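According to Swiss-Prot, the protein has these features:
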BINDING   THR13, THR14, SER15, THR267, GLY310, GLN314, GLY411  ATP binding site
BINDING   THR13, ARG17, THR267, GLY310, GLY411, ASN415  ADP binding site
BINDING   THR13, ARG83, GLU84, TYR135, ASP245  sn-glycerol 3-phosphate binding site
BINDING   ARG83, GLU84, TYR135, ASP245, GLN246  glycerol binding site
MOD_RES   HIS231  phosphohistidine
Amino acid sequence: MEKKYILALDQGTTSSRAMIIDEEGEVIGVAQEEFDQIFPKPGWVEHNANEIWASILAVIAGVLLKTNISSKEIAGIGITNQRETTVIWDKESGNPIYNAIVWQSRQTEDICKQLRKDGYEDTIRSKTGLLIDPYFAGTKARWILDHVDGAQERAEKGELLFGTIDTWLVWKLTGGRAHITDYSNASRTLLYNIYDLEWDDELLKMLNIPKAMLPEVRPSSEVYADTVPYHFFGEEVPVAGIAGDQQAALFGQGCFEKGMAKNTYGTGCFLLMNTGEKAVRSENGLLTTLAWGIDGKVEYALEGSIFVAGSAIQWLRDGLRMVRQSSDSENYASRIESSDGVYVVPAFVGLGAPYWDSDVRGAVFGLTRGTEKEQFIRATLESLAYQTRDVLYAMEQDSGISLKTLRVDGGASANNFLMQFQSDILGVPVERPENKETTVLGAAFLAGLAVGVWKDKNEIKKHWKLDKRFEVEMKDEQREDLYEGWHKAVKAAQAFK
């Protein structure tokens with residue numbers, strides 16, 4: 001039986017998905033399963049790692065049954081994952097010693113405060129490209145070792161293993177034969193030196209993380225190990241590609257050249273720009289991260305995250321009940337010529353890059369007696385585009401590269417009003433692909449390269465198909481006036497703390 005399909009596993013924050021991709025890069029079938037969110041205290045978010053694993057087994061079985069494709073026809077497995085979420089488990093039993101601590105969780109704030117107090121910010125920045133923040137995996141591992149009896153001692157003896165979700169899934173799929181991660185995920189731990197490409201002894205000492213528990217770091221596209229037959233309908237299938245979700249989306253968007261960038265409009269926005277084989281240190285509060293490692297070399301990216309994007313549209317729907325469904329926001333926004341001076345600063349959980357202000361809160365400016373819900377909805381959508389421009393401007397400043405086009409994906413990229421305004425406020429065209437499942441595609445392409453389904457990046461590029469290109473329609477003067485108004489609104493919101 002010909003092995004011509006790739007199985008891509010997308011382990012996300014609220015659900016796990018499995019997709020089967022054919023040689024043309026088309027999605028043949030998909031299965032999805034949600035799992036529970038655990039909130040032990042305000043600001044804490046955890047997952048049951050065994051439940052995540054069960055959801056992965058369920059979606060693998062589900063997608064094979066749904067498509068009537070045999071496990072014998074699967075050439076390889078690619079994995080993409082929610083980044084930074086951390087699991088520590090017992091090497092012998094395979095049981096986690098505590099829940100997985102999720103990327104959103106703020107429970108390690110005290111550890112971060114201590115690191116800042118001890119003066120580690122510059123060291124961390126210069127070695128990892130990251131900021132000290134509870135977002136990243138290293139402090140989560142430290143928290144688990146601190147809060148589970150005997151964990152530190154057991155970790156030092158080599159009895160416990162640490163991993164982000166990719167590592168956990170590969171370990172389970174291969175029956176414990178492979179304890180690995182890839183460059184993209186390792187670069188999100190606060191423990192990995194992105195220049196020397198190794199776990200950094202000084203950083204490990206700083207957080208007192210025993211080296212014995214860390215996974216081996218491997219390229220993003222490589223045959224790592226085979227699945228154990230009992231997890232895969234009697235087949236040993238190569239696990240052959242891994243990338244964190246945002247890097248996978250950059251790859252799935254075909255952003256292979258230096259200076260190419262993508263924005264994923266999900267709950268938040270994640271912007272990544274490929275900076276090639278050179279790591280660009282940011283002077284503007286962006287993260288420097290590993291994009292992927294392929295063909296014996298690594299490539300880097302600049303990353304900026306916007307905390308509130310799609311969730312602002314959900315707020316219009318669920319909080320304010322201004323729209324029945326998220327897609328209605330496009331119709332309301334398009335009915336009027338402008339927002340009439342209304343600005344929404346959706347800083348519900350602070351502002352991310354390039355402001356990094358966790359104390360600022362949401363605000364609305366410019367309301368008059370004539371303001372109606374159309375202006376309010378339009379201004380909320382526009383805020384996503386303004387924040388994207390903030391980040392892209394910072395990327396251009398840091399990298400010295402002028403953006404020529406922006407590729408987009410994620411739920412809100414389906415909103416034509418938003419995409420047109422995005423193009424207008426950036427002053428560059430915006431390209432939306434036919435297949436918006438770019439994260440899953442990225443994982444599939446990485447695995448397919450390793451097992452020979454695709455020859456090289458050039459062949460993969462041909463599978464990127466344009467759905468719509470949004471050309472710039474706004475005049476320069478209007479663009480700058482609107483953007484200046486946005487900056488005034490942000491400053492005013494920051495002053496209100």
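Backbone N, Cα and C atoms are what each Cβ position is placed from, and that goes for glycine too.
Positions of Swiss-Prot features highlighted on the structure.
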residue	record	CB count, 10 Å
THR13	ATP binding site	19
THR14	ATP binding site	12
GLU84	sn-glycerol 3-phosphate binding site	25
TYR135	sn-glycerol 3-phosphate binding site	22
HIS231	phosphohistidine	18
GLN246	glycerol binding site	25
THR267	ATP binding site	19
GLY310	ATP binding site	20
GLY411	ATP binding site	16
ASN415	ADP binding site	22
From ARG83, TYR135, HIS231, ASN415: recorded positions whose CA lies within 10 A of THR13 (ATP binding site) = ARG83
Message = Going by Cα-Cα distance, which of the binding-site residues (SER15, ARG17, GLN246, THR267, ASN415) sits nearest to GLU84 (sn-glycerol 3-phosphate binding site)?
response = GLN246
Query = In whole Å, how far is GLN246 (glycerol binding site) from THR267 (ATP binding site) when you measure between their Cα atoms?
reply = 13
Query = Could you tell me the C-alpha distance between SER15 (ATP binding site) and ARG83 (sn-glycerol 3-phosphate binding site) in angstrom, no decimals?
reply = 14
Query = Taking the Cα atoms as reference points, how far is THR14 (ATP binding site) from TYR135 (sn-glycerol 3-phosphate binding site) in Å?
reply = 17
Pairwise CA distance, TYR135 (sn-glycerol 3-phosphate binding site) versus GLN314 (ATP binding site), rounded so that it is a whole Å = 23
Request  = Using the centroid of the Cβ atoms of ARG83, GLU84, TYR135, ASP245, GLN246 as reference, list every other same-chain residue with Cβ within 8 Å of it (recorded glycerol site), in sequence order.
outcome  = GLN82, THR85, TRP103, ARG188, GLY244, PHE270
Query = By a simple count, how many Cβ atoms lie within 10 Å of the Cβ of SER15 (ATP binding site), its own Cβ left out?
reply = 14
Request  = May I ask for the distance between ASP245 (sn-glycerol 3-phosphate binding site) and GLN314 (ATP binding site), taken between their Cα atoms and rounded to an integer number of Å?
outcome  = 22
Note = Of the binding-site residues listed (ARG17, ARG83), the greatest number of other CB atoms within 10 A surrounds the CB of ARG83
Ask   = Nearest to ASN415 (ADP binding site) by Cα, among ARG83, HIS231, GLN246, GLY310, GLN314 (recorded positions)?
value = GLY310
Inquiry  = Applying a 10 Å Cβ distance cut-off over all chains shown, what neighbour count does GLN314 (ATP binding site) have?
reply    = 14
